[in-house]
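According to Swiss-Prot, the active site, thioimide intermediate annotation covers C34, on the basis of sequence analysis. Residues annotated as active site, proton donor in Swiss-Prot, with sequence analysis given as evidence: D41. Per Swiss-Prot, the feature substrate binding site maps to I56, E57, L58, H75, E76.
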Amino acid sequence: MPSQPSKTLETFDNPRPDHDYTIRIEIPEFTCLCPKTGQPDFATILLEYVPDRQCIELKSLKMYIWSFRDEGAFHEAVTNTILDDLVTVSRPRFMRVTARFNVRGGIYTTVVAERRAPDWEPTTPVALP
């Protein structure tokens, strides 16, 4: 049975909830439709998050991202929708979604949206020589 687009996101238990660590996922084939022209918009989505109790399952993420391909959406709105949906299902300590849209009319658009759990403070990064 072939895979179908889906708005259903799945998670799995974080194997190391006692550690702060960052998961970075790059999705180079995001598409949606321009709500003004109906033309396709293409973007690379970068998802960065510090999981708490749940991690995002990758196949469901792929099908979720694929579900936008026939939907009209402004760049700002779709980026924040993706963030909101991912935060709702996974409840991370921190999450950032960066959407780098391909050029349209001579203009590149990058939208960055992030959320932080109110009780989470990041550790200080180590500065290596």
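Using the three backbone atoms N, Cα and C, a Cβ is placed for every residue, glycine included.
Taking a C-beta cut-off of under 8 angstroms and a sequence separation of 6 or more, the residue listed as 'active site, proton donor' has the following same-chain neighbours: T31, C32, L33, C34, H75, F101, N102, R104. Cβ neighbour count within 10 Å across all protein chains ranks E57 highest among the binding-site residues E57, E76.
Among the listed recorded positions, namely C34, I56, L58, the Cβ with the most fellow Cβ atoms inside 10 Å is that of I56.
Of all Cβ atoms in the shown protein chains, 18 besides its own fall within 10 Å of the Cβ of H75 (substrate binding site).
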